[in-house]
Amino acid sequence: MPKLWQMDDYNECLESPGPGEPPGVYCGLSVVLKPNNRSELWKLIEEFSSDYKRHYNHQVLKWGVCIKRCQKAIEKLSPAERNALTVEPFPIDVRYKFNDGILKDIPTYRAAYKNVLEICVNKELNDTYGLVAHTEILSCDKSTDEVVIDALDMSFLIVLCALVCFVTLSSWYDSSINYKRTSDHYRHPLDSKRKMVWVSFSIQRNWYRLTSRSRDELNQKLRFFQAFRFITITLIIFGHFTMLLSVSPTTDTEKLERIMHNVGSMILTNGGQITQTFLGMSGVLLAIKFCSFVEKRKGKVSFLSVPYEILYRYVRLTPVYAFVILLHATWLLKLQTGPLWSWIAKTEQTFCRRNWWTNLLYINNYVHADEPCVQQAWYLGAEFQIFIIALIVLVTIVKIPRAKVLILGLMLLAGYVIPALFIYYQKLEGTYLVTLEAQRYLLWYDKYYLHAYIPTHINFGNYIQGVLTGLVYCELQKRSFNLAQSKVFSIVWHLTIVILPLSWLPSYMFYENDFPMPSVWMAAYFIMSKNLYGFGMGIIILGCIYGVNGVVKRMLNYPFFEPLGRLTYGAFLVHPFVMRFMFASVRAPVHYSDLLTLSLVFGATVMSLLMALVLCLLIELPTTALQNHIFGSFKEQKSSPVDPETVTNGTNQSLLNTGHEGKKG
């Protein structure tokens, strides 16, 4: 079969032209093969591509073509030969391009080069395979293209310069009042609130906040969460790496298709479930902190605290998030070039300039989800929405204690029934199908991604199960019951660690078979298998809190996990930015060996953490310190349920942040 990727030399094509020569033009194309039932090769392509769950659609090829080469290749063809290589329009019922209007210059390039490219491509296809195709221009680069800097680009530079100035001045001021020249100065609060505001951006003080370890008993019990965060973000980076393998030009497309035929690959294919770890931890931490708040207030809780907590959480998450959105909307496109760069970077810039408001309102997993800005941030939208619901539920069960079991039961039931109804009526499979073909378009238009992965109602159950886990822990604490002394729980805990990843293997049957839809049993299987992960994580978290396995807990409590865990929020936001440079800047198809794959994953993880460190010291920790000073007087009055505890360094740092937020106190 024709190779899925074929690319001319990009650098050679765009070399500076000589005097009087036209500029070099390099275009990225989608080549859609025209059906030809008289061709045995076409029948093979059609049959092989029909397994759409595990194979690419080999009717659609991706080419990178130099216009100069094409013009030379067809210059000797007669008008009759050119006409024979021009394809009449034919029905195309497969995805072969991004939606129109994303890349604004494409109509101009299509008008100028469509005929030349189609004749050139069809000459090569016809000579080699006896086939012809419809050619669609996706992007074009010219040797005369210049970098254009607009007002939004300048605004990013102004914001960045302002942040650097704030950090520099704050650090200088903090150092100048360190009269004893000791490091303890940065660990302790200053003698006035005004001074503490001035040193909010101090890099020395924020470094100690990043690397400090809390001596609080509850924080010590939950210290392993930092290791969970770091391990989870590493696995997420690995999962996104495999997706980008399907997007970028590779010589190993058949290797990826073979992997999809292995039952064991389901552990990798269903790795998207790993994001449920963050949801489960969010629910656990929210419930535990809420219980502590209720105990301190002796059961006096008001619904008026809910808007405050929503605002506090919004201010906590949004500054660094908005900075990353602004980066994607401005300078991402200008930092690299390549035959794929327009597909990957220009689309991101367009989406972020169009749809940034959906991100900042945390509704991006529903509104314009098929044109995502900072695509992985669908999680932030879903988690923020569930946080609001869960907080209202927790306040309600305190206000109406007799209905506690009923309310929590109904919430858990909703977490199972509502998603099952959506799966049934939308005629979806019994598992979230991750197909190679959908990944070629970054899942933007994939119905399984849009309806069975990112919606809040699909992810609601595991968060609520996390809340229940936290409430179970609070109840066990009241009764002074130690799970570590239960042999039955110890056996269940160790079995859960083994069974949890193995529970993904049965999903292979949905890749192997085409079951009739809609189906009640598939809807039930989808929800049970998805929420089984959250249930298992609840068992694992309880076991780690009580130290069921001392060796595991000591490993998870190693000091180096503390700062790494605190950097996961930033790493979560920036790791696709890093990976774009690894994949979207390639100039030709690459052979990805297993060793190279591991090396790239390791490199992406390290670079993401380094960028996260810069964002943490530049934005995240300073704005958190300012936030705590601004909200401080109100918090003293309200002592809010999910609000941070004042720690020894004098700034209110998050004791039990939810989701990706790190424990910084």
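Here the Cβ of each residue, glycine as well, is placed from N, Cα and C on the backbone.
Just so you know, TrEMBL annotations never went through curation; they're auto-generated.
TrEMBL annotations:
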type	residues	note
TRANSMEM	154-173	transmembrane segment
DOMAIN	224-615	domain 'Acyltransferase 3'
TRANSMEM	227-247	transmembrane segment
TRANSMEM	274-294	transmembrane segment
TRANSMEM	314-333	transmembrane segment
TRANSMEM	377-398	transmembrane segment
TRANSMEM	405-425	transmembrane segment
TRANSMEM	452-476	transmembrane segment
TRANSMEM	488-511	transmembrane segment
TRANSMEM	531-552	transmembrane segment
TRANSMEM	564-583	transmembrane segment
TRANSMEM	595-619	transmembrane segment
REGION	636-665	region 'Disordered'
COMPBIAS	646-657	compositional bias 'Polar residues'
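In this chain, the transmembrane segment (314-333) lies apart from the transmembrane segment (274-294): fewer than three C-beta pairs between them fall below 8 angstroms, excluding pairs fewer than 6 positions apart. Remark: the transmembrane segment (531-552) makes no contact with the transmembrane segment (154-173), by the rule of 3 or more CB pairs under 8 A. Tertiary proximity for the transmembrane segment (405-425) is limited to same-chain residues at least six positions away from its ends with a CB under 8 Å from its CB atoms, namely 393, 396-397, 451-452, 455, 457-458, 460-465, 467-468, 471, 518-520, 522-524, 526-528, 530-531. A contact between the transmembrane segment (452-476) and the transmembrane segment (154-173) is absent, since fewer than 3 of their C-beta pairs, 6 or more residues apart, lie under 8 Å. Sequence-distant residue pairs (6 or more apart) of the transmembrane segment (154-173) and the transmembrane segment (564-583) include fewer than 3 whose Cβ atoms are under 8 Å, leaving the two stretches without contact. Contact between the transmembrane segment (595-619) and the transmembrane segment (377-398) is not supported: fewer than 3 Cβ pairs lie under 8 Å, counting only residues 6 or more apart in sequence.
Within the chain, the transmembrane segment (564-583) has long-range Cβ neighbours (under 8 A, six or more residues past its boundaries) at 210, 225-230, 232-233, 236-237, 240-241, 244-245, 247-248, 317, 320-321, 324, 327-328, 332, 335-336, 340, 344-345, 348, 374-377, 379, 600, 603-605, 607-609, 611-613, 615-616, 620, 659-664.
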